[in-house]
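According to Swiss-Prot:
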type: BINDING; residues: Lys20, Leu21, Ser22, Gly23, Gly61, Arg65, Tyr175, Asp178; note: ATP binding site
type: BINDING; residues: Gly60, Asp80, Ala141, Gly142, Leu143, Pro144, Tyr145, Phe146, Ser147, Thr148; note: UMP binding site
Amino acid sequence: METVNNSVQSEKSRRRVLLKLSGEVFGGGKLGVDPDTVRGVAKQIAAAVPDVEVAIVVGGGNFFRGAELSQSGMDRSRADYMGMLGTVMNCLALQDFLEQAGVETRVQSAITMGQVAEAYIPRRAIRHMEKGRVVIFGAGAGLPYFSTDTVAAQRALEVHADVVLMAKSGVDGVYTADPKKDPEAEKLDHLSYDEALRRDIRVMDQTAMTMCKDNNLTMVVFGMEGEGNVTRAIRGEQLGTVVTP
């Protein structure tokens, strides 16, 4: 298995990133999909594709949040599956706008739905990226109780991404405290996973951080707000907070 992994790494000549987009990004702060918002994000991704191989994991919070639905009395597993289906709707919306922007795109789903998406196969995803296509991963891990942050870390490791890019709404990086509650909170340009876990920083999922730490994968937490931030993050420009092992 090690030989296969090494051969994949040696074949990879361009920077390869895994971009995590929250469901809230697709809704523009509302329920459902906001076409103008998704079109804008797609254009930013398209601008970076000629230079970088891009895979994307999307959330589904603009439709359903399994944990919140379960608090209302719904079975957690069933609620999580509803959330997974919501991510696939976001995948299809982003695929449409990326292809309108001239970027070949493939959707891979962890839950089989052959009419709208390919099955999730890591090696096929890698080949798509090598051919200049964007790959969007939907349906989370295909299992309940896994956040899409954790799925982003897992997919990044499976497709041998160089970095995980966590795009956030309403915050431009990691702070010493919640900047909305503490006016003295300071933004951190760099942070180790050990420090983030010790401080119990909640801007990203702790399981995802542990997975990245254990596998020496760098994460960048950055804000969606700001002209061209997604393009800049994909290209590797300095912004947000860099979290390293």
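Just so it is clear, glycine is given a Cβ too, placed from its N, Cα and C backbone atoms.
Remark: of the binding-site residues Tyr145, Tyr175, the most isolated position is Tyr145 (fewest other Cβ atoms within 10 Å of its Cβ). Sequence-distant contacts (6 or more apart, same chain, Cβ under 8 Å) of Lys20 (ATP binding site) comprise Ile56, Val57, Val58, Gly59, Thr148, Asp149, Ala152, Val164, Leu165, Met166, Ala167. Proximity of Leu143 (UMP binding site) to non-local residues of its own chain (separation of 6 or more, Cβ distance below 8 Å) is seen for Ala110, given in sequence order. Taking a C-beta cut-off of under 8 angstroms and a sequence separation of 6 or more, Gly60 (UMP binding site) has the following same-chain neighbours: Gly23, Gly83, Met84, Leu85, Gly86, Thr87, Met89, Asn90, Gly140, Thr148. Between the CA atoms of Gly61 (ATP binding site) and Ser147 (UMP binding site) there is a gap of 11 Å, rounded to the nearest whole number. Of all the binding-site residues listed (Gly23, Gly61, Arg65, Ala141, Asp178), Asp178 has the fewest other CB atoms within 10 A of its CB. In three-state terms derived from DSSP, Lys20 (ATP binding site) belongs to an extended strand segment. For the binding site of UMP, formed by Gly60, Asp80, Ala141, Gly142, Leu143, Pro144, Tyr145, Phe146, Ser147, Thr148 according to the record, the largest Cα to Cα distance is 14 Å, rounded to a whole number. Reported as a whole number, the C-alpha separation between Ser22 (ATP binding site) and Tyr145 (UMP binding site) equals 17 Å.
Cα distances from Tyr175 (ATP binding site) to the binding-site residues Ala141, Tyr145, Ser147 are smallest for Ser147.
Counted over all residue pairs in Lys20, Leu21, Ser22, Gly23, Gly61, Arg65, Tyr175, Asp178, the record's binders of ATP, the longest Cα to Cα distance measures 25 angstrom.
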